[in-house]
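Structure, as structure tokens:
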Amino acid sequence: MAKIVVIGAGVAGLTTALQLLRKGHEVTIVSEFTPGDLSIGYTSPWAGANWLTFYDGGKLADYDAVSYPILRELARSSPEAGIRLISQRSHVLKRDLPKLEVAMSAICQRNPWFKNTVDSFEIIEDRSRIVHDDVAYLVEFRSVCIHTGVYLNWLMSQCLSLGATVVKRRVNHIKDANLLHSSGSRPDVIVNCSGLFARFLGGVEDKKMYPIRGQVVLVRNSLPFMASFSSTPEKENEDEALYIMTRFDGTSIIGGCFQPNNWSSEPDPSLTHRILSRALDRFPELTKDGPLDIVRECVGHRPGREGGPRVELEKIPGVGFVVHNYGAAGAGYQSSYGMADEAVSYVERALTRPNL
């Protein structure tokens, strides 16, 4: 089979590598960072993560649709992957109804595209089941919560078990990957899963890439479900949100914010205060067994891209075939298998049509 170099060992790179390995290809993963590293340059460990699609349809929704049943099955059959099946409750505030009628995110719709994709989908309007007076209705369904540190290690272990090799180094130019396949031979295809670094990677330098700063708090407190809200109480903080992701180990991720073009890597104490205050105001039961037990404040840079993610085949002069798979913004985990499968299809196209 073909010799492939995958640049990047985040969720996109590892998922794509895994799908290529399952087809019998010889894969070398090249990355400055690998699971276990905690660097602001390595986005994937800082994510929540869950399956909570916010696209209204089209290709981006298709990526999420492909990933849902795979993640659900992993939660059921492979507990070592760190994925938990758990209910997701999206709270739609009464005050947001007018604007939602104009621009309604999929997670707040009464009749979203994914209602027949997920398990146990339900619109809850019965006031006896809605705790908060300012909530118009709930969108509830069976979702997954991914412990990202555990899952990234699981992905890497799966890749290694199928024969992948790993080269831990920074790639400064896309052409350098031609010298890095473990066989010593030039790879047939390079797969670029460099995430936000695609902005700086020589030979790519995608200036459409930009950071979307996120800040969350990891705590040893939990709810029996996951939660999100259509907006926060303060009108002046429109780039902030309230969401709680409940992991299998009893910890929770409480967030957060979506701050485009913010490269800051340091936690903002005032934002941490707002995040926790909102969570406790909405869910005082978080502290039923004791006060909030904070593990750490986390900051990450989601790989945003103008026009959406890039999944495509390119033939670069002097380099060869490159398949790009990056720029999923905040949807990296929930879109991972859909985007990886499309990337694999482009690899196969390059292999079968070398004169493109």
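In case you wondered, yes, glycine gets a Cβ from its N, Cα and C as well.
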Residue among Arg76, Arg142, Arg199, Arg302 sharing the FAD site, where Swiss-Prot lists Ala9, Ser44, Gly48, Asn50, Val171, Ala329, Gly332, Tyr333, Gln334 as binders: Arg302
Asn192 (N-linked glycosylation site) and Ala9 (FAD binding site), Cα-Cα, nearest whole angstrom: 10
Local Cβ density at Tyr243 ((R)-lactate binding site) - other Cβ atoms counted within 10 Å: 21
Minimum Cα separation from Val171 (FAD binding site), reported as the residue among recorded positions Phe54, Asn192, Tyr243, Asn262, Arg302 that achieves it: Asn192
By Cα-Cα distance, the member of recorded positions Tyr243, Asn262, Arg302 nearest Tyr333 (FAD binding site): Arg302
DSSP state at Ala329 (FAD binding site), helix/strand/coil: helix
Recorded positions clustered about Arg302 ((R)-lactate binding site) [Cα within 10 Å; pool: Gly48, Phe54, Asn192]: none
Which of Asn192, Asn262, all glycosylation sites, has a Cβ with the fewest other Cβ atoms inside 10 Å: Asn262
